[in-house]
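Have a look at the structure below before the remarks.
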Amino acid sequence: MMMQPSAQQYAVSRPLYSEDDFAEEYQKITRHHKTLPDHVKAYFTCDSKRAKNAALSLFPVIGWMRIYRIKEWLLSDMVSGVSTGLVSILQGLAFALLAELPVSYGLFTAFFPALVYCILGTSRHLSVGAFPVLSLMVGAVVTRLVPDNGSPANITGFEGLTMDQQRVVVASSVTFLMGIFQLAMGVFQVGFLVMYLSDTLISGFTTAAAIHILVSQLKFVLALPVRCKNGPFSIICTLEQIFSQITDTNVADLVMSIIIILVVFAVKEVNDRFKAKLPAPVPIEVIVTIIVCGVSYGFNFKEKFGVDVVGKMQPGYETPIAPNIEVLQQSAVEAFPMAIIGFSVAFSVAKVYSIKHDYVLDGNQELIAFGASNMFGAAFRSFAASTALSRTAVQESTGGKTQIAGFISAMMAMIVTMWIGFLLEPLPKSVLGALVVVNLKGMLMQFREIPYLWRKDRPDCVVWIATCIAAILLGLDLGLAAGVGVELLTVVFRTQFTRCCVLANIRGTDIYKDRKDYLHIYEPEGTKIFRMPAPIFFANIEFFKGKLIESVGFNPLRVLRKRNKALRKIKKLLKSGELQITEKGLLHTGSASIKESDDESNMEGLDQPTDFQNLPIQINWNAELPANICVPKVDVHSVILDFAAVSFLDISALKGLKAILKEFIRVDVEVYIVACDVYILEKLHSCMFFDAEIKTSIFFLTLHDAMLHILEKHPDQSEGKHTYKDLKMNPYHSNSAACLRSRDKTVAECRC
């Protein structure tokens, strides 16, 4: 079958290179690699330029304020700040219910963290404040230490405080500890660790959190006295309580909640469908809140229908408090995953808008910003802050350009706290619960990812499902840990059991592909090319060896042992005179052969190189042997290991690789390693990998170089049914001169 030439071609003429030949011809630059003292010295060295960069890095507000366009941006930021502030206020009130706190403390979370982030954050569009998942996790700690029924935990500092005050102390303390974790990760530049939480894991986790949030809000929507429980399977217990009391539902609360959910959902759908035509999204949450507050006040819902309302709002701000040390000690297990989740979600959202508007985010500075925000906010009784996708979308879609919008949003929360908070006192809690439920749509719709993940990447699908189920049943903290464990297992399986393949040559080119994938390929007789596209380390070295043995078709260690056993028998028969050396080879003159079991008493030395010392002839192991001595035949003379995709080797892998190479060499199979990374080569030299059997000459620059070298050494092996001209022939002109190989080791592509 003739192949048509492509529009573009290239021709290369160069010597055939092994790594040794290339090193001799091209001098390598000796680079100085910085040592640990060098890095420490550089870290603590300070000059004016570095001080300026450090200030700009620590206070990003300086950078964007210097380029602020007042005429073009200020009005947009003001409009965006007012719109975002209204949403932030309502979400703060609603998410305070998730944290099991008086709703007025949600206003604190909408103010203090946002204020600090405006100064320290690198995102220009992120709206910082309450986040439902974190609020729920804070609520779990709060109800564990200060339950609805029963005595609170024995903690010094709770004496003389009401239950609400105790809960505020717990929430602010766990938030302070969460901030410490985030700040420490940022200071020590370990923000990259958070990247181990994949988007798939975060999606499964937040979906499970949405289920928890939905269940937790049913007690407000239905106005039922549900005792919150924590720990594994708490969601089942909560549902059991709800359904056992379902007949006690307050009809007024339920009707109001259903109406609010339907109206807000419908308007949000309109906002999404016509967002390109609307100058700004319709603030439906604000509108229904104002309407319901007025109706509730005018018709006295609390007295007439027994509706539970927000009640007395905290006027103004309270004096700062220090975190409770005992609460810090008892909440460390929950605070760390809160720190991770809060930053991961916020950074993922911020990254979307930084790409859209073309500016750079600094992950470590974001950790510092969130850590400082949560620590500062906790001192003034706010609870854990991150972001909410819907709130950030409002800030960006209404024209927000910088964190001036975030500052104005925080001022809106301050105005409500200081002067007009009393207007929210008649607001039914069921309305806040309904607003929480309707805002779960985005997280709950993530279930649609399952079919896509199953079709495209099943290990990722397993991570999503396992994380979601574990977080639903075991709780958010244990569920996150279980999800990380499953994710790490998938990484292990991907690297430990990667897809290995045997390569063959695409005729007339220097291209090598999996022999199972192409029809017109050429696999030289006696040569195997093996590729493992993964790092080789302690966990997969045995898998590597097993796949290599499977690919070549024989176990070199078994062959070596058989040969050494056979050699012992031959020497024994020669010594006894039962074997004679003739011109035709060995002649068996004895009456019987030695059985396999007759020579298995001494197993020592069978793994060593075959010793032909004191043997007057050379034995051809692939020929028929006398005395019915049987040795496996080996029809492979060369094995090439393609290391192009091997990124590192550890010590265990080095030992295993050295062992398998020696086994092949000892059965007269030449092994070549191609496309090896320079740092792996340096490690092989430093770890004394090379010796009398394994030499540096086995390393070649490219796969084609090694193949042509094998042709030089085994010209006779390339003759037969297919000739090595298949490797050299120009693919477009079958009669053109072959010029891929020459005796002076020059490689050249045929020119058409």
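Backbone N, Cα and C atoms are what each Cβ position is placed from, and that goes for glycine too.
These come from TrEMBL:
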- 517-710: domain 'STAS' (DOMAIN)
- 74-97: transmembrane segment (TRANSMEM)
- 103-120: transmembrane segment (TRANSMEM)
- 127-147: transmembrane segment (TRANSMEM)
- 167-194: transmembrane segment (TRANSMEM)
- 201-222: transmembrane segment (TRANSMEM)
- 242-266: transmembrane segment (TRANSMEM)
- 278-299: transmembrane segment (TRANSMEM)
- 335-355: transmembrane segment (TRANSMEM)
- 367-384: transmembrane segment (TRANSMEM)
- 404-424: transmembrane segment (TRANSMEM)
- 462-489: transmembrane segment (TRANSMEM)
Average pLDDT across the domain 'STAS' (517-710)?
85
Would you kindly list the residues that approach the transmembrane segment (335-355) from elsewhere in its chain, counting only those six or more residues past its ends and only Cβ-Cβ distances under 8 Å?
122-126, 128, 131, 133-134, 137-138, 174, 177-179, 181-182, 185, 191, 194, 197, 199, 202, 205-206, 328, 361, 363, 366-367, 370-371, 374, 384-387, 389, 392, 396, 476-477, 480-481
Could you check if the transmembrane segment (278-299) is in contact with the transmembrane segment (74-97), meaning 3+ Cβ pairs under 8 Å among residue pairs at least 6 apart in sequence?
yes
Which sequence positions outside the transmembrane segment (242-266), separated from its termini by at least 6 residues, show Cβ-Cβ distances below 8 Å to it?
215, 218-226, 284-285, 288, 292, 301, 305-308, 428, 430-431, 433-435, 437-438, 441
To the transmembrane segment (462-489), which of 74-97, 127-147, 167-194, 201-222, 404-424 is linked by the most Cβ pairs under 8 Å?
201-222
Counting only residues 6+ away from its ends, which parts of the chain sit with a Cβ under 8 Å from the transmembrane segment (167-194)?
99-102, 105, 138, 141-142, 145-146, 157-158, 161, 321, 323-324, 327-328, 331-332, 334-336, 338-340, 342-344, 347, 363-379, 381-385
Ranking 74-97, 367-384, 404-424 by the number of C-beta pairs under 8 Å to the transmembrane segment (103-120), which range is first?
367-384
Tertiary contacts of the transmembrane segment (74-97) (same chain, 6+ residues out, Cβ under 8 Å):
103-110, 114, 127, 129-132, 135, 217, 220, 280-281, 283, 285-286, 289, 310, 383, 388, 390-391, 394-396, 398-402, 404-413, 416, 424, 427, 429, 432-433, 435-436, 439
Do any residues, 6 or more residues outside the transmembrane segment (367-384), come within under 8 Å Cβ-to-Cβ of it, and if so which ones?
58, 96, 99, 101, 105-106, 108-109, 111-117, 120-122, 128, 130-131, 134-135, 137-138, 168, 171-176, 178-187, 191, 194, 317-318, 320-323, 338-339, 342-343, 346
